[in-house]
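Here's what TrEMBL has on this protein:
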type	residues	note
DOMAIN	36-133	domain 'Ig-like'
DOMAIN	143-213	domain 'Ig-like'
SIGNAL	1-19	signal peptide
TRANSMEM	233-259	transmembrane segment
Amino acid sequence: MKFICLTVLIISGATDSRSEQYEVVGPVYPVFAVAGEDVILPCSVKPNINVVDMRVEWNRPDLKDSQLVHLYEDHEDRNTDQIQSYRGRTKLIHQELQRGNASLKLSSVQVSDEGRYKCFIQSKSWSDDATVDFIVEVVGRLPVITVDGFDDSGGLHLQCESEGWNPEPVLEWLNSEGVSLSSETTDTHRNTDGFSVKHTITIHHSDKIHCRVRLRHHMLEAVIISSSNMFHLWRASAILFSVVVVLSGFAAILIAVFVHEYRGKILVFELESRVLFISQSTNSVQQWCFVSKSQSYYFIIY
């Protein structure tokens with residue numbers, strides 16, 4: 001009889017243990033939110049059993065120091081050891097715990113909130129966890145287009161730059177018909193303000209050019225109209241520059257001829273002290289020796 005009772009108790013305990021088994025489920029894809037907004041980080045159990053009596057812990061395994069984001073235990077929130085930056089910004093909906101929903105509400109999202117989160121749910125005989133990747137979006141500054149001169153063929157260099165994005169945005173050039181234009185140079189870097197992007201292109205005819213910066217469903221755009229007058233100005237500048245170069249060349253030749261004809265005939269020296277001039281001619285070479293109070297100079301002029 002005792003053996004039968006013990007067997008029944010073992011079977012009953014095993015059945016209860018199996019009945020508490022569940023799977024903690026998180027989102028398949030990363031969760032996105034714009035800085036300053038509120039966000040829900042999904043976490044639930046399957047099957048949808050009541051988790052009110054269980055321990056629900058949210059933490060940040062990607063951080064080295066204190067990792068606790070939110071703790072629910074013994075029917076109440078226990079956030080004494082919570083990360084300081086999360087104080088007053090996290091919340092579990094206790095009514096949802098009855099339906100197996102342990103999602104975390106995070107208010108006033110900050111860029112520092114971006115990272116990997118773990119939702120851990122523990123009963124008396126079972127535990128499981130799921131991870132949530134969270135990305136904080138920051139919309140950067142309006143792109144700025146600048147004219148960076150002309151190339152040798154008359155092409156107009158345009159540069160577009162935008163700063164302060166997170167994560168890295170996509171910058172593209174479009175013409176007036178919406179056709180994408182290939183960037184010639186690209187530069188992307190990240191600092192404390194977020195990602196900065198800078199692209200350049202060269203155009204050879206007048207058009208309406210768009211610089212568009214996109215981040216998922218966010219988009220900022222700047223427009224520049226390259227008129228024919230800009231290209232006429234470049235041609236006029238190029239012609240004027242050529243004339244100046246030619247005239248400068250002629251002037252240099254004239255100066256060289258003048259110096260060649262008159263060198264040795266005109267000699268000008270500015271000395272601060274009295275100078276003694278001594279001249280001596282030997283064959284076709286005339287030697288001049290200049291002696292001052294402080295130092296001597298010796299020249300041979302042919």
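Here the Cβ of each residue, glycine as well, is placed from N, Cα and C on the backbone.
Residue counts of the domain 'Ig-like' (36-133) by helix, strand and coil are 10 helix, 41 strand, 47 coil (DSSP-based). Mean pLDDT for the domain 'Ig-like' (36-133) in the predicted structure: 95.
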